[in-house]
Amino acid sequence: MSHNSQAFLSTNAGLPPSYETIKEEYGVTELGEPSNSAVVRTTVINMPREVSVPDHVVWSLFNTLFFNACCLGFVAYAYSVKSRDRKMVGDVVGAQAYASTAKCLNISSLIFSILMVIICIIIFSTTSVVVFQSFAQRTPHSGF
């Protein structure tokens with residue numbers, strides 16, 4: 001195996017090359033103002049915008065766990081999961097359709113459940129008043 005050593009000759013031995021040396025070595029020219037004779041071409045790229053489809057999973061889960069009147073919350077949750085699946089596949093139209101159905105079911109469940117709570121409060125308050133009045137009539141008053 002032969003060892004050939006060649007000396008590296010440079011004017012700036014041991015120093016990094018300056019900007020001027022690099023510019024001359026690679027033939028870099030400075031650019032001036034653009035000439036008006038050049039044709040300017042533009043390229044337009046139409047990027048599809050990201051469509052955010054709300055899937056209402058959290059709302060459906062809330063209705064399923066807390067209200068769930070006539071199982072509407074559970075059905076809304078099923079449609080919400082279908083909407084999320086369609087969104088992951090890339091079917092935006094299908095995701096919007098399932099999300100719309102889930103939203104309608106959630107609204108129906110919420111309204112029905114609120115009405116049921118109001119009716120229960122009314123029934124509880126009227127029965128407690130009636131029971132209180134019946135106890136008041138049975139107990140004799142001790143004359144103070």
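Note that Cβ sites are derived from N, Cα and C of the backbone, with glycine treated the same way.
Given the structure is predicted, the values throughout are model-derived calculations rather than measurements.
What Swiss-Prot lists as intramembrane segment is 57-77, and the listing cites similarity to another entry. Here the intramembrane segment (57-77) has Cβ contacts under 8 Å with residues 84, 102, 105-106, 108-110, 112-113, 116 of the same chain, all six or more residues outside its ends.
The S-palmitoyl cysteine feature in Swiss-Prot is assigned to Cys70 (among others). The Cβ of Cys70 (S-palmitoyl cysteine) lies under 8 Å from the Cβ of Ser109, Phe112, each of these being in the same chain and 6 or more residues away along the sequence. Cys70 (S-palmitoyl cysteine) carries a helical DSSP state (H, G or I).
Annotated S-palmitoyl cysteine per Swiss-Prot: Cys71 (among others), in sequence order, evidence recorded as similarity to another entry.
Per Swiss-Prot, the feature S-palmitoyl cysteine maps to Cys104 (among others); the stated evidence is similarity to another entry. In the shown protein chains, 14 other C-beta atoms lie within 10 A of the C-beta of Cys104 (S-palmitoyl cysteine).
Taken as a whole, the topological domain 'Extracellular' (132-144) shows an average pLDDT of 77 in this prediction. The topological domain 'Extracellular' annotation in Swiss-Prot covers 132-144 and rests on sequence analysis.
Annotated transmembrane segment per Swiss-Prot: 111-131, in sequence order, evidence recorded as sequence analysis.
The Cβ neighbour count for Cys71 (S-palmitoyl cysteine), using a 10 Å radius over every protein chain in view, is 12.
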